[in-house]
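S.K.: Let me begin by handing over the structure; questions about it come next.
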Amino acid sequence: MAGGDYTMNPSEANGKVPAQVNTSTGTPEKAAWGRPLEFILACLGYAVGLGNVWRFPYLAYRNGGGAFLIPFFLMMMLIGLPLFFLELYIGQYTSLGPLKAFEAIAPFFSGLGYCTLVVISLISVYYMIIVAWTLFYTIVSIAGNLDWGSCENEFNTDCYEPYDGRYCLNGTETIPWYSNVRRTIAAEEYYTQRVLGRGDATWENWGTIQWHLVGCLALAWFVAFLCVIKGVQSAGKVVYFTALFPYVMLTALLIRGVTLEGARDGIVFYLTPDWSTLLDARVWGDAASQIFYSFGVACGSLITLASYNGFYNNCHFDTIFVCFANFLTSVYAGFAIFSVLGFQAELMGVQIDDVAEQGPGLAFVAYPEALLQMPIPQFWSILFFLMLFILGLGSQFAGIEAINTAIVDQWPQFRKRYWMVTATTCFCCFILGIPMCFSGGVYLFTLLEWNTASWAILLIGLAESAAVAWSYGINRAMNDLAAMNMKLNAVLRFYWKATWAVVLPAASVAVVAFIFSDWTAPSYADYVFPLFADILGWLTAISTIILFPVGVGWALYKGYRGKELFTPTEDWKPSSRALSNPPNDISSDTNQTAYDNVAYI
């Protein structure tokens with residue numbers, strides 16, 4: 001093999017690959033998952049996150065209840081599943097991270113990997129802020145301080161206790177709830193004033209630093225660091241817990257929820273189909289947006305995770321299993337959420353419409369308020385917030401690995417001190433997250449979330465499909481899959497060809513058009529951001545794709561012209577794990593196809 005002697009263990013054929021050392025350079029070879037199950041759980045933990053719990057159920061009820069499952073399933077089949085498999089194929093075939101892989105597939109796409117790096121870096125920074133919020137609620141729940149149901153805290157101003165029917169002004173004066181005064185539910189004021197410390201903060205007045213959030217953010221990053229300190233070798237063991245235990249807690253919450261009064265109404269409300277919504281373009285746009293949001297595609301993380309696979313790992317099965325598990329988890333979580341919201345609506349004597357929210361409004365206001373009305377509220381609060389913390393933390397592992405892989409692929413000598421790379425990544429992301437720990441930090445968080453995981457990643461996904469299907473060649477890609485021992489029948493081959501080459505690009509363009517047609521300026525609650533903040537948001541979004549044309553310019557500067565721009569370089573080749581000890585059921589001719597594909601003009 002080029003680049004030094006390399007001896008492969010027979011277990012590589014089954015996906016289990018031990019770490020090796022390149023004898024010519026003295027640097028460790030790329031690590032690998034201990035067993036294929038670790039990779040599946042890592043993908044599952046990455047894809048199944050907070051969006052399944054706090055975003056999908058709300059979108060389902062808002063867009064026709066059970067009828068929403070039709071566009072969501074179709075968007076999964078036409079966008080999510082193809083792009084998920086495409087990224088696993090790229091990573092596993094080359095054993096390269098996204099930076100090197102897209103540089104290798106064609107010089108024209110050399111900036112694409114850097115686009116994914118910017119996206120996942122931004123997401124890793126602001127997503128951990130949510131994890132810090134869940135950690136804060138977990139800690140106070142363990143301590144027994146469930147103060148979000150009371151208006152008698154020092155931070156309360158104009159607070160309403162929905163179950164007691166009391167309205168408190170400045171935390172002391174109690175007047176009837178029906179008075180002609182603006183009311184804020186106790187749990188909402190706890191979230192905005194106690195947790196976020198928002199106060200009167202604006203973009204012009206950033207407020208004070210909230211040290212409890214800084215502490216939770218530091219602790220969250222420290223826990224993440226310990227989990228991925230040795231890369232996939234340590235993360236592969238942690239994912240057995242982070243990927244599976246949330247299902248245990250979600251099931252416990254569901255069992256408790258369906259036994260509550262009003263739970264049936266909540267579930268019926270969640271599932272009752274409104275077929276007329278299928279004629280609304282917004283419903284299909286929401287379904288496609290949720291696919292990108294939930295599956296975590298076009299961020300480079302899946303390519304990174306797959307790059308640690310053995311060459312013959314069955315990533316086709318992995319794709320189907322993880323994507324369908326993600327889909328079913330979203331539906332399953334809806335039952336747990338709406339059974340409790342039905343209970344809350346029953347107690348308050350209001351419609352479920354009045355308590356159903358999404359995002360932080362669901363996780364930190366509506367659901368916690370309902371938990372207080374259950375027997376043993378402390379236990380259920382710990383269970384709920386610990387579940388959110390583990391879900392959020394599990395989704396972070398792939399992002400950290402994507403950043404680390406970008407570094408060690410560029411400078412392989414750092415593999416000897418991988419834990420230092422991990423520490424540097426976690427520390428830098430922690431520092432970058434501190435501005436979101438100020439009173440006005442939620443505005444920056446909102447701006448990043450609004451403009452990062454949005455239209456830009458759709459364009460990145462479009463470019464990824466174009467790189468494989470149109471630049472590299474869809475038939476070459478199918479041959480690569482055959483060389484990797486993927487047994488695809490004629491129907492499956494047609495499906496992957498059609499989705500990669502036509503459907504995925506067309507659907508991405510359509511969803512981008514929908515997003516811009518329905519675009520609104522970023523805001524938080526009733527606070528509309530000023531113009532300079534809106535401009536900052538657009539600059540953030542542009543920063544995620546600007547490196548693509550920069551990469552094209554760099555390729556032209558390096559002398560690539562015409563067909564050369566779209567021809568794979570010598571670095572696009574099968575993983576160094578390819579030709580040693582292939583599975584018994586793969587012929588030498590088929591195996592050699594992997595190398596025949598890299599004989600270019």
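Quick reminder: no glycine exception, Cβ is built from N, Cα and C everywhere.
Checked TrEMBL, it gives:
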type	residues	note
REGION	1-28	region 'Disordered'
TRANSMEM	39-56	transmembrane segment
BINDING	Gly45, Ala47, Val48, Asn52, Ser294, Asn326, Leu391, Ser395	Na(+) binding site
TRANSMEM	68-90	transmembrane segment
TRANSMEM	111-140	transmembrane segment
TRANSMEM	209-229	transmembrane segment
TRANSMEM	238-255	transmembrane segment
TRANSMEM	291-308	transmembrane segment
TRANSMEM	320-341	transmembrane segment
TRANSMEM	379-398	transmembrane segment
TRANSMEM	418-446	transmembrane segment
TRANSMEM	452-473	transmembrane segment
TRANSMEM	494-516	transmembrane segment
TRANSMEM	536-557	transmembrane segment
REGION	570-592	region 'Disordered'
COMPBIAS	577-592	compositional bias 'Polar residues'
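Tell me about the surroundings of these features in the structure.
M.R.: Long-range contacts of the transmembrane segment (39-56) within the same chain, counting only residues at least 6 positions beyond its ends with a Cβ under 8 Å from a Cβ of the stretch, are 15, 33, 72, 84, 88, 130, 232, 235-236, 239-240, 242-244, 246, 250, 290, 293-296, 301-302, 305-306, 308-309, 313, 318, 321-323, 325-326, 329-331, 333-334, 336-337, 358-360, 362-363, 387-388, 391-392, 394-395, 397-398.
The local packing around Leu391 (Na(+) binding site), expressed as other Cβ atoms within 10 Å of its Cβ over all shown chains, amounts to 28.
Proximity of distant same-chain residues to the transmembrane segment (291-308), defined by a Cβ-Cβ separation under 8 Å and at least 6 residues beyond the stretch ends, is recorded for 30-33, 39, 42-43, 46-49, 51-52, 55-56, 72, 75-76, 79-80, 83-84, 87-92, 94-98, 101, 113, 116-117, 119-120, 123, 231-232, 315, 323, 326, 330, 395, 398-399, 401-402, 405-406, 453, 457-458, 460-461, 464.
Note on the transmembrane segment (320-341): residues 40, 43-44, 47-48, 52-54, 56-57, 60-61, 69, 72-73, 76, 80-81, 84, 247, 250, 253-254, 257-258, 260, 263, 266-267, 269-271, 294-295, 352, 355-356, 362, 366-367, 370-371 of its chain, located 6 or more positions outside it, place their CB under 8 angstroms from a CB of the stretch.
Within its own chain, the transmembrane segment (418-446) has Cβ neighbours under 8 Å at 31, 121, 124-126, 128-129, 132, 196-199, 201-203, 205-210, 213-214, 217-218, 221-222, 224-225, 228-231, 400, 403-404, 407-408, 522-524, 527, 529, 533, counting only residues six or more beyond its boundaries.
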S.K.: Taking the Cβ of Asn326 (Na(+) binding site) as the reference point, list residues of the same chain whose Cβ is under 8 angstroms away and which are at least six residues distant in sequence.
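M.R.: For Asn326 (Na(+) binding site), the qualifying residues are Leu44, Ala47, Val48, Asn52, Ser294, Phe295.
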S.K.: Would you list, in sequence order, the residues of this chain other than Gly45, Ala47, Val48, Asn52, Ser294, Asn326, Leu391, Ser395 that have their CB within 8 A of the centroid of the site's CB atoms, where the site is the one recorded for Na(+)?
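M.R.: Apart from Gly45, Ala47, Val48, Asn52, Ser294, Asn326, Leu391, Ser395, the close residues are Leu44, Tyr46, Gly49, Leu50, Gly51, Gly296, Thr329, Gly394.
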S.K.: Would the transmembrane segment (111-140) count as touching the transmembrane segment (379-398), i.e. at least 3 C-beta pairs under 8 angstroms with sequence separation of 6+?
M.R.: yes
S.K.: If I count Cβ-Cβ pairs under 8 A between the transmembrane segment (452-473) and each of 111-140, 209-229, 238-255, 494-516, 536-557, which range comes out on top?
M.R.: 494-516
S.K.: Determine which residues of the chain contact the transmembrane segment (111-140) at the Cβ level, with the cut-off under 8 Å and only residues 6 or more beyond its ends counted.
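M.R.: Sequence-distant neighbours of the transmembrane segment (111-140): 50, 97-103, 146-147, 195, 212-213, 216-217, 219-221, 224, 298-301, 303, 360, 363-364, 368, 381-382, 385-386, 388-389, 392-393, 395-396, 399-400, 402-403, 406, 429-430, 432-433, 436-437, 441, 444-445, 448-449, 452-453, 456-457, 460, 463-464, 467, 540, 543-545, 547-552, 554.
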S.K.: Within 10 angstroms of the C-beta of Asn52 (Na(+) binding site), what count of other C-beta atoms is obtained when all protein chains are considered?
M.R.: 25
